[in-house]
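Everything below concerns the one structure shown next.
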Amino acid sequence: MKTGKGTRTGQYLALLAYLVFLAFPFLWLISTAFKPASELASLHPTWIPKDPTLANFRQAFDEQPLLRAALNSLLAALGAAVIAVLIATPMAYVMARHRTLPAKAATGWVVVSQAFPFVLVIIPLFLVLKNLRLINSLPGLTMVYVVWALPFALWMLVGYVRAVPAELEEAAAVDGAGRMRTLVSITAPLLVPGIVATALFTFISAWNEFFFALVLLKTPEKQTLPVVLTHFIGAEGAADLGPLAAAAFLATLPSLVIFAIIQKRITGGMLAGAVKS
Amino acid sequence: MTLATATRRSVKQAPGRGGDRRPVDHGAWFLVLPALIPILVLSVGPLLYGIALAFTDSQSGRTAATQWIGVLNFQDLLHDTLFWDSFRIGLLWAVGVTVPQFVLALGLALLLNQELRFRWLARALAIVPWAMPEVVVGMMWRLVYNPDAGILNETLRDLGLGDGRDWLSGLGTALPAVIVVGVWAGMPQTTVALLAGLQNTPRELHEAAAMDGAGAWRRFLTVTWPALRPVALAITALNFIWNFNSFALVYVLTNGGPGGRTRLPMLFAYEEAFRYGQFGYAAAMGCVMVAVISVILAVYLVGRLRGDENA
């Protein structure tokens, strides 16, 4: 396609504007995290710390139980990812391959569940979990995360199952392989990359989740990372900027790394879900 | 037995995708149950229970039994000006975020669809807000908006555009300031979805239109937009709902302040339920939120689908 020279310049300028808009808050966060207190107090903040320091990181760990919180987040997110994928994969398989009532109902639920405000679900859940003595407990939170993450996990997995040609399974069936055998030896191996991507995406969602954790976890030693991070913002909104930036930066790193790895696959899963259903 | 015969068989048996015509398979239930039970117990059940709670005087920490009070909560809500203020703010916020988000994301998606250098960098950066915890996004923008140590005011000072201000605490600036953050945070999903839609538009059509002498704008209207429409429709509707129901971002940025100017409905309902213990009343708020969103979306979707027929 032909593109005029003027158009190209305009395109690059627009791209530059986007790059600045997308990048500058994040660069500012990193810059703030490495600034010594003296530089933060100055009325004319610098872009790049003149005298970079790790003191903010040390102070962040001193002020809040960050390691404990990260461990809690890790346990809840890992549990949610593993359980969600284990129970969602068979269901996604049925949704992709059959048009039976449960499959249709599940598809409808996946769409509808995007619409309700969580407050309508969390109040009854709070009452139920309280009766089960699962308030302020990581297993309780993990259970909530599993169900909360299921719609998108199903959405992604259905796309991956559909990408496996049904003809392969039928060929195996004609060859005399039973249903389970077909699933385990033909379909499952082809689904592994998609299942891993779905698990990682569920992990990040749970690692980042805030609302349920805020409501369900009461004591600091049980709280997850996002909840503990908010403690850096004082009651009056005043905050110790350096440690706040340092802790926020650290909390993002795992998600960024995982996201970089699975980015293409999520796009693919979203695509499959959005275009084909 | 070869793959080819199997394919031929399956074509004969199942004209639709992957076997519509198969007999009902009772084995399917065993595959569905592990997910279905938690969904029913922890999602559908609580949702129905939540709707029922809206008709009760349920409160946390009370020893007396919960009473059925009919529509009393809804009557109270009708007269609760604070709730309707927050509802109005929620709608302003949802529209204020969704519309610019769509326009900006469409522009970025169109750019990323071109053969430009450095687009890998933009692609990578466009993903960053998606991977960040909302709490971190909020804290990060607090640093940007900080009246003294923030980069925004410093840039304005450098450009000679005044002394800067305390954006998140100003009665007039707080809502626009959080809307900018909302737009930033939601850009990736929208961009990725639109980019995916763009990559589905047939290239040959583009080239044919270009040969016929159609300009860029004309090509966009006649080739790109019709192909993009279903994706655009879906992502806009979802963004609107997600934005209307959002919580963490604004909780961290302003916690609803100053003077309730950024108190989104979810923040209001959260406070009502978990600070004041008014479970029944908060559940009624949730019901009203769902009802209004459903009506708005139905009107929007019907309108857009009609537009499709006329087009």
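We count from 1, first residue shown onward.
Each Cβ is built from the backbone N, Cα and C atoms, and glycine gets one as well.
Note on the transmembrane segment (A:12-30): residues 47, 245, 248-249 of its chain, located 6 or more positions outside it, place their CB under 8 angstroms from a CB of the stretch. Annotated transmembrane segment per TrEMBL: A:12-30 (among others), in sequence order.
If you look up TrEMBL, you'll see A:70-262 marked as domain 'ABC transmembrane type-1'.
The feature transmembrane segment is assigned by TrEMBL to A:74-96 (among others).
Nonlocal intrachain contacts for the transmembrane segment (A:108-129), taken as residues 6+ away from its ends with a CB within less than 8 angstroms of a stretch CB, comprise 135, 140, 143-144, 151, 154-155, 211-212, 215-216. Summarising the annotation, TrEMBL assigns transmembrane segment to A:108-129 (among others).
The transmembrane segment annotation in TrEMBL covers A:141-161 (among others). Panel annotation: around the transmembrane segment (A:141-161), residues 75-77, 79-81, 83-85, 87-89, 91-93, 95-97, 106, 109-110, 113-114, 125, 129, 134, 187, 191, 193-195, 197-198, 201-202, 205-206, 209, 212-213, 216-217, 224, 266, 268-273, 276-277 of the same chain, lying at least six beyond its termini, place a Cβ under 8 Å from a Cβ of the stretch.
For the transmembrane segment (A:182-207), the residues of the chain that approach it from at least six positions outside its boundaries are 73-74, 76-78, 80-82, 84-85, 88-89, 93, 145, 149, 152-153, 156-157, 159-161, 163-164, 168-169, 172-173, 225, 254-255, 258-259, 261-262, 265-266, 269, judged by C-beta separation under 8 angstroms. Among the features that TrEMBL reports, transmembrane segment is placed at A:182-207 (among others).
The transmembrane segment feature in TrEMBL is assigned to A:244-262 (among others). Listed as Cβ neighbours of the transmembrane segment (A:244-262) (distance under 8 Å, sequence separation of 6 or more from its ends, same chain) are residues 29-30, 32-33, 56-57, 59-60, 64, 66, 70, 196-197, 200-201, 203-204, 207-208, 225-226, 229, 232-233.
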